[in-house]
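Participant: Could you have a look at this structure, given as structure tokens, before my questions?
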Amino acid sequence: MKSKLFSVLKVAFFLCLGLAIIVLFTGKLSEKEKAEIWEAVLNADYSWILLSMLFGTLAHISRSFRWKQLLEPMGHHPSSANTFFAVMVMYFANLAVPRLGEATRCVILRRYEKVPMEKSFGTVIAERAIDLLFLGFIFLITLIFEWDMLWKGIDSLKTMGNSGNPNSESEPSLVLPIMAIIGLTIAGILFFFRKTERVRTIYAKVVELIIGFVSGLKSAFKVKKPLWFVGHSLFIWFMYVMMVWICFFSMPETSNLPWESSFTLLIFGSLGIIIVPGGLGIYPAIMSAVLLLYGVPEAKGYAFGWIVWLGQTLLLVLWGIISLILLPVFNKKNKHVSTADA
């Protein structure tokens, strides 16, 4: 009951946060600018957005193949369909409850492919680490081609973030030490009282999870076709860049932007999605702030942000629903047998 209440409160919090950002941003716009946003959204060429959604689908398919490669060294060979469905349900679930999707896709593989949760979750951790590495690679490319715009964008976001909160720069520095102290305290308590029955059970579960995580991380170094693995990783992020770049042609105001600007927008857009899961409210605001540096009027940039966000969100919703429908149908017709131990 408590966990359900917490999930509901978490959803409500991020929904309210997203709506608050929308209200704050639109509140400073004139009626003329609001009309320009609505006009730009209505008159956009959505054929480019559909193409962007196609690129997104290709990225997700590639991600599912890459996930299969991580699972294979541990003796698990799930079907391509089930891994793709699990990935899409993950994104769909994350729109509702932050971080729910990571666990959900592991549950799907456990149910349909008999892959132990701790092992599949270890590969999810490995995936996140690899994605962070490639995001850093994108950041490096952005530094090379868009140095000035990148730092102008950071200054712009600092201004947005510090408005109304002058102490905001000092607060984040305390977060990591506090989290580390809490984590070490909990670990110490569990270790000290590990001989009591209940704590011993918890301790054993934690050790089991850690072993599974380590196994998943190690699998990244044991993939059978490392070049294919790297190729999938490059392809995924190339498609992410293409998803942004191709949307430039949906509006006259963004159609002449240099291709390098798509890297800058991807970096800052990714930050928005991390801050508010799903990017509701904050993604269009960040797009507007960054595009303003390229000479795109604020209202038009905000409209562009909403168009891109709607396309990406619609893609996840559609594939999420389709995957939930097809999972039981596909697995009823095809009785997959995992080579792994249950």
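Using the three backbone atoms N, Cα and C, a Cβ is placed for every residue, glycine included.
Marked as transmembrane segment by TrEMBL: 6-25, 37-61, 81-100, 121-145, 174-193, 227-251, 263-286, 306-330.
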Participant: So which of 121-145, 263-286, 306-330 is most in touch with the transmembrane segment (227-251), counting Cβ pairs under 8 Å?
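Facilitator: Stretch with the highest Cβ contact count: 121-145.
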Participant: Among 37-61, 121-145, 306-330, which stretch has the most Cβ pairs under 8 Å to the transmembrane segment (263-286)?
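Facilitator: It is 121-145, which has the most Cβ pairs under 8 Å.
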